[in-house]
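Taken verbatim from TrEMBL:
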- 9-32: transmembrane segment (TRANSMEM)
- 176-201: transmembrane segment (TRANSMEM)
- 208-233: transmembrane segment (TRANSMEM)
- 245-262: transmembrane segment (TRANSMEM)
- 269-289: transmembrane segment (TRANSMEM)
- 295-318: transmembrane segment (TRANSMEM)
- 338-357: transmembrane segment (TRANSMEM)
- 373-394: transmembrane segment (TRANSMEM)
- 438-572: domain 'GGDEF' (DOMAIN)
Amino acid sequence: MEYKINRKIVVALISLLLAAGVIFLTTFLHIAPTPSAPIINLNDWEISLNGNILPVRSLKDANTGIIDDSDVIVLTTTVPELKYIEPSIYFRSVHAITEIYIDDDLIYTTRDEDTENSNFSIPKYYNNAPLSCSYAGKKLTITISGSKELPSSGLSNVYIGERKDLFFYNLYTMGIYFLAGAFFSFLGFLLMILSPYLIIYHDNDLRLFFSGLISLLLGTYILAYYGILGLIVDDSYINTIAEYAALYNIPTAILGYFASLFSGKKKKVFLSLFILDVILFFSSIILHFSGLLPFSMFSIILHVVANAEAIITFALIIHEQLSHRNSKERRVSPSDSIFLIGLVIFIILAISDIFLFNFNKYFRSEGEANTDLIGFTIGSFVFVCCLLVSYLYYNVYSNNFASMQSHIKSLAYTDALTGLANRARCEQVMNMLSEEKNIYTLISFDLNRLKHINDTLGHHEGDRLLTGFSTILSECFWDANLIGRMGGDEFIVILIEEHSLNCTKRIHELYSILEEWNRKEQAFTYSASYGYAYSYEVPSGSAKEVYMLADSRMYEMKREHHGDEKEDSRHA
């Protein structure tokens, strides 16, 4: 019943999370910024590719194909009337060098010494060039030169308006991606901060750490793909490096999660793949900054490796599912199922976006510049939600299982009447002592007159005698490593290392406590015989032999005790 209640709570949490996300995004998308002056979309251009005039005037309809370092696109139009305080021209370029001219005078360029260095890939830019109201009626020319390392396609819209209005308008048009990227990044950062505590206090569980890392990388990639990160840090090159670093390491983080999820041989396989990805990533960093191979050119190798890892991963997952299905004793954890569902949805939507991206880049006029990552973003949201719910479910499931196991273990090793360790537990501890070769003292007790009390006063009084004596032992030997009932009227106490010192003094304390209890007890008298032995007294080191030695000494005392009782009865 408790498990079903917890399951309902988890389902409610994911429902609330999804509902809150949808409501928040819907509300944001309906709050459009109001510009201080109209924003003009320049959509009447003369477009030429390598000197050839294209038969279209719209940028989105201009099918320029793939633009590399041998291609130059020239866009020409007339500057409209500018009724702005701070007029500005604003557009996005993808891995291309951009130059803006007014009547053949250069007013803006992204060409610098870094673009001439083959070690650097040309980044994505949000070009924001100031204009003057005096430019109205003059010829506006924009040249776009392709990149050798990262060929691109498509032309984005060009806008004129107030500088601040253009910035906020651009941010609004990317609103869903900005919010998604920021949310994933913040959530991932938060989870990674919390993970060390859980790693230390929850059996080195790395699931939360890799959940946070996956979320952080997904958020970083979305922000970098749209150039938002570059706007925040005001550095397009950092944006490009962050984009590729996040893209390369998303599979690495997922493999790390799988390594923390599985055990045995499968864990070793995922751990090996994880280490391979880490080595490849740092190799690409070293090659990039040493000038041997640009960061972006390494993507082909990593894509091949990622595809091979995906095949291996799915093969291992299918094998794991089949082994669970064929085994009656093994069951798939609901948390694992939720994680796998989220991963499959993410992969399907991400692959669909990859297909759409390449189709637009190579076959449609919109090109790469106008392709969005809507499938990847939705898939990331579903995947991160499933990661969180999977971890919550895992904690609920594992806590219930651990509680059940602890309860079963306590039933198996606890004496039902006294609450002390039972014979099975005592023998288990003695086996451990025999293996570990610790120094210890073992005390054997025998509760006197139990049978007599059972026969004369009844078993309920005998049970009270047993429970009372167990309480006395627990009170006296509060620091003992084990207090147990071997059966019937026989008890055992084990004191290890420093606790084994002053054994005789402790037994004297026990008899003092017995006298205190006897002064209050009217039905019977607490009395016990004892014998103790030290581990070093037995050369073999066997704890069972130490117990037998202590037991023999206890019986010797018991015989003396019975002899004294008979002598007292004769004198009486």
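Cβ coordinates are placed from backbone N, Cα and C, and glycine is handled just like the others.
Proximity of the transmembrane segment (373-394) to the transmembrane segment (208-233) is established through 3 or more Cβ-Cβ distances under 8 Å for residue pairs spaced 6 or more apart.
According to DSSP, the domain 'GGDEF' (438-572) comprises 80 helix, 28 strand, 27 coil. If you take every residue in the domain 'GGDEF' (438-572) and average the pLDDT, you get 85. Long-range contacts of the transmembrane segment (295-318) within the same chain: residues 121, 149-150, 240-241, 244, 247-248, 251, 254-255, 258, 262, 266, 269-270, 273, 276-277, 280-281, 283-285, 287-288, 340, 347, each at least 6 residues beyond the stretch ends and with a Cβ under 8 Å from a Cβ of the stretch.
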